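Copied over from Swiss-Prot, here are the features:
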BINDING   E142, H206, E221  Mn(2+) binding site
Amino acid sequence: MISVRTLVISEYGAYVYVKKNMLVIKKGDKKVEISPSEVDEILITVSCSISTSALSLALTHGISVMFLNSRETPWGILLPSIVTETVKTKKAQYEAIVVRKDNRYGEEIISSKIYNQSVHLKYWARVTGTKNDYKELLDKDEPAAARVYWQNISQLLPKDIGFDGRDVDGTDQFNMALNYSYAILYNTIFKYLVIAGLDPYLGFIHKDRPGNESLVYDFSEMFKPYIDFLLVRALRSGFRLKVKGGLIEENSRGDLAKLIRKGMEENVKEESDHNPKTLIQAIRAHAVKLASSIREGKEYRGFKLVM
């Protein structure tokens, strides 16, 4: 139920409420009490419930609350009111994207994404002792790099997974796990972009449509290869999802959410930054860096993995 600073509520019938300023998770006759000071984020999946007093206590303590449904998409996210330099940052963001049509930030994000995909493949080439095409990615544009990347990923996965390429509508375990895991990543990124004062709906790469979190999708591209790594590592180690009717079963969704959140709380190494940090801390730091770069009209250096 608990993954370090993330509280995952996924068991059918679980209920979260407040007692004496403590978060209480009840499931049948079992109860667990947790101090809000020990939690940064609550993930709650379908078939669970949470009281308004628990939501109030969470937000008062700066805890975000993320809701995920059964179809690998988020219902929504509740954020505490902690936002920095909003007006100045959003104005600069609008001017950069709409007025000047500044492509520097989007280009750096895509460059970092391809670099991280290459680093991910290189890691597995080293660990498995087999050759792959990690060098080829660096000379290709995004669509071509993606084709090479996913083709190589398919060779790394156990045959019973049945993955033969990235497809958001795919019904194999890996594609479904990617959808669900990316949804968790999107909500985490949404949170930190908003806190940094950026407009999550105004992006550099993805098209702006009503309700489309364009900047969230843009920004996530740099971090997706690490999410891919977490899933490949888990599936190669025997982790499996239970799927029924084209959906991940409830208990498996909870297991997957815990796996991803735990992985995001592992330390990652970043090029040109020797300070150890978790992936979540890296996301938060880069949201602040991007906001600062946009406000000041300066270059932004994207997130680049070392593995």
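Heads up, the Cβ atoms here are built off N, Cα and C, so glycines get one too.
Since the structure is predicted, the reported quantities are computational estimates derived from the model, not experimental observations.
Listed in sequence order, I109, I110, S112, K113, I205 are the same-chain residues six or more apart from E221 (Mn(2+) binding site) with CB atoms under 8 A from its CB. Other residues of the chain with a Cβ within 8 Å of the Cβ centroid of E142, H206, E221, the Mn(2+) site, are G106, I109, I110, K113, I205, Y217, D218. The Cβ of H206 (Mn(2+) binding site) lies under 8 Å from the Cβ of N212, S214, L215, Y217, D218, each on the same chain and at least six residues away in sequence.
Long-range Cβ contacts of E142 (Mn(2+) binding site) within its own chain (separation 6+, distance under 8 Å): I110, K113, I114.
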